[in-house]
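K.L.:
One structure, as structure tokens, below. Some questions next.
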Amino acid sequence: MQESALTDSPEAGEGAEASASAVSGKVQDVWRAGRLDALFWLGIALSLLASLPALVAWTPQMTDYPSHLAGYKIMLDHGRDPFLTWYFLFHWEWTGNLGAELLMVPLAPVFGVEMAGRIIVALIPALTGLSIVSVSWVLRRRVGLGPILALVAIWSPSLLMGFLNYSLSLALALFTFALWVRMEGSPWRRLVMIPLGFVVWLCHVSGWGILGVLVFGYEWTRRSGWRDWRPFLAPWPLIFPLLPMLAGMGANSKVSYGRWGVLEYKWGILYKALRNQDQVFDIATLCVLLLVVLAALLVKRIDGRLGWAALILFGLTLAVPRQIFGGDYADYRLSTAALMIALLAVDFRSRIPAWLLVAASLIFVSRTALTSWVWYRDAQTARTMIAALDYVPEGARVATAVAIPRRQWFFGPFEHFGSYAVVRSRAMENSNFALPDVHMLSMRERRYRFADPTQRILFSPNQRIDLRKFKPARHADYLWYIGDAHPVALPDGAKIIYSTPNSFLARMPSAVDLANPADGS
């Protein structure tokens, strides 16, 4: 009776309701914490998945990658290899474009140049994804819709073209920014940021610039008023790389917006911010991502700590010249970076439906899967083409001619494929990045041009390709042609000794055939 009376009393009822409410609150907290942990690990898993293209292809199918690989080979063996020393000059400089080069120094002696390059390529997208997750977690202690969509920007045009140093510097810039936020209030932050600023700059100057914009945007949201000048001084620990730049260490002063069509070009780099394999898919993806950013703006769910940086990067995309310090597409790199930061700034604090998170993940997974399949397919083509080097003696002179359509959406993987002649045959070849005062690598022979872009033959659909007019072949022992369009004529006296459906190797009449092919021909 006493127990029943206590249970039926108002005080007991209120206590039971309070107890049930507390239990329910704890259950919700546990569920919410578990959901946040699940999204965090989803972000980690998707970040690691970003490396899939580099794992399924025996060699990365990036446009510029073979020439970068040749540059690493020459950098490591110059002065020891007689052929590479005879054909090339290499002048080491401490400059803001050394990310992959510095990684090659310890990796290449252990794994070899080709495997070391593949490892670096596999690391970069994974590191970029992890850096995106890190920034989101440090700022909000959660990974939401915006950061998951930001992962879509990992396989940017910059990465697909093979801008390894820039892509690595972007990942390190995001990690460094996350540390800047994490060390808020610490007296050690300024001291730690000075060497980290140098590390990001050494990888690539553009990544260092993005880091400065991120820090400024973050500090701008903390200002006390519009006249508060402290956000302009807050990034001072990052300015020290200006010293070697002002001293002229590895700096090229060339700046250019291009020769014509600047406005058309600027519009192009905006709508091509996610250019990959399929024009319709890429533009549709971009539209979806921009709609998410617009929706976040309309409901005031843009995190200003990143939103200001995204806005500044968008402005810089329009203002920055195309060519800075001798490098191309300085502005194009920023268009995708601005999109990535804008998506990171999206912060829908209310609960996002699970289906929407799944859809966001599927956008990233589908694009990564498409890139992986194309890389695997092109790598099989590359495997048959590279067999041509079995017929090229070490130290030969190889003129590569690559037929490139004037208009195509996807990035051609074979534009610099001829540089494998340097990597595997220690040959003199004409598609390498070897311009004096621009690259550390240059050609010893200066009487004629035998470097990028002399390998390119741009053609229209009805244009005939006549290799008798191909000037580099006049200075070569072998002509290596790559392209789906078949030429109508070869140089006089050239003899095809190896061919595939989309390439052939021809021996020039002045060449001495020292190769020993497996079939004995």
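Residue numbers in this text run from 1 along the chain shown.
Even glycines carry a Cβ here, placed using N, Cα and C.
Curation plays no part in TrEMBL annotations; they are all automatic predictions.
For 1-20, the entry in TrEMBL reads region 'Disordered'. Taken from TrEMBL, the feature transmembrane segment covers 38-58, 119-139, 148-181, 193-220, 232-251, 280-299, 306-324, 355-376.
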K.L.:
Going along the chain, which residues at least six beyond the ends of the transmembrane segment (355-376) come within the CB cut-off of under 8 Å?
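P.N.:
Long-range Cβ neighbours of the transmembrane segment (355-376): 39, 42, 46, 49-50, 52-54, 56-57, 60-61, 145, 148-149, 151-152, 155, 160, 276-278, 281, 285, 288, 410, 413.
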K.L.:
Mind checking which residues of the chain, 6+ beyond the ends of the transmembrane segment (38-58), have their Cβ under 8 Å from one of its Cβ atoms?
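P.N.:
Sequence-remote neighbours of the transmembrane segment (38-58) are 118, 121-123, 125-126, 128-130, 132-133, 136-137, 142-144, 147-148, 151, 154-155, 357, 361, 364-365, 368-369, 371-372, 375-376, 378-379, 382-383.
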K.L.:
Okay, the transmembrane segment (148-181) and the transmembrane segment (306-324): do they have at least three CB pairs under 8 Å, pairs separated by 6 or more?
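P.N.:
Judged by the Cβ rule, the two regions do not touch, with the required three close pairs absent.
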K.L.:
Between the stretches 148-181, 193-220, 232-251, 280-299, which wins on the count of C-beta pairs under 8 angstroms to the transmembrane segment (119-139)?
P.N.:
148-181
